[in-house]
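Now, the feature entries from TrEMBL:
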{"type": "SIGNAL", "residues": "1-15", "note": "signal peptide"}
{"type": "DOMAIN", "residues": "102-140", "note": "domain 'ShKT'"}
{"type": "DOMAIN", "residues": "147-179", "note": "domain 'ShKT'"}
{"type": "DISULFID", "residues": "Cys154-Cys172", "note": "disulfide bond"}
{"type": "REGION", "residues": "189-218", "note": "region 'Disordered'"}
{"type": "DOMAIN", "residues": "222-258", "note": "domain 'ShKT'"}
Amino acid sequence: MQILVLSALCFEVHATVTLEECLDKDKKYAEEAFACEDVATEKVCNKFFPAPTTAPTVGADVDRQEQCWKGDSGPDDEIIAAAIDLCPKTCALCCKTAAFDCEDDESFDCVNLKKKNQCKDPWKTQLNLVEKCPKTCGLCEEKNGACEDAEPNCDKEQCKNTDFQAAMKVNCKKTCGFCDEETTAAAETTAPAETTKPAQETTMAEKTTAPAKTEPTTTPLCGSDPRCDKWIQNGFCTNNLYPDEYKAKYCGKACGKC
């Protein structure tokens with residue numbers, strides 16, 4: 001009775017989900033089934049979507065609890081929508097949330113990238129993951145134009161820093177006022193009216209394949225960021241996705257770019 005009351009509430013309508021959602025090719029739960037957090041509290045999720053004796057986990061082939069999808073006469077879209085909106089992780093339905101509701105670029109090896117933990121890489125802007133691997137990395141909301149910051153600690157003072165403007169447009173568009181409806185105003189306040197460096201307007205996709213020209217010789221190019229050791233362990237120096245200009249600027253000596 002409680003679940004029927006819950007299902008009667010007004011939730012966003014999602015596509016019909018079957019028991020095979022968020023499974024891998026072997027019909028076992030994929031990582032994407034649990035790649036999010038519940039919106040409701042643990043108490044609420046456990047009350048309305050109680051886990052079975054053997055709870056779903058990555059790699060398991062147990063049944064998903066019926067409270068997450070089944071009504072009196074079979075699959076119920078309202079119950080499914082409630083499960084996705086309130087307790088997607090508990091119901092192993094994270095792959096159906098807005099963050100995963102899009103497709104990857106099939107020409108890019110997103111699975112391998114995720115295995116290397118690069119979805120959370122601090123250089124994800126340079127990797128252009130929003131365009132290449134949004135589904136795998138849970139970046140579909142950014143790809144679909146949701147006006148939210150992709151990073152939790154955006155510094156408004158960096159919005160006008162031309163060295164990081166491209167990154168700020170992707171990771172901190174709300175903080176910096178780079179949302180679609182404010183694009184014109186943002187451009188006027190963060191970039192000079194006249195510029196001799198058209199590379200500032202280059203899209204992130206172009207930057208990953210054709211790095212912009214190096215900075216003037218008056219700017220130090222042989223960087224040595226204190227985080228280089230950690231980045232290098234993750235393949236920063238050898239990964240072709242990172243533009244050479246960034247390797248030189250931040251870890252030039254360690255990467256042999258000086």
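Using N, Cα and C of the backbone, Cβ positions are placed for all residues, glycine too.
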(request) Take the Cβ of Cys154 (disulfide bond) and count every other Cβ within 10 Å, whichever protein chain it belongs to. (result) 17
(request) Give the three-state DSSP assignment (helix, strand or coil) for Cys154 (disulfide bond). (result) coil
(request) Summarise the model's confidence over the domain 'ShKT' (222-258) as a mean pLDDT value. (result) 79
(request) Please report the number of other Cβ atoms within 10 Å of the Cβ of Cys172 (disulfide bond). (result) 23
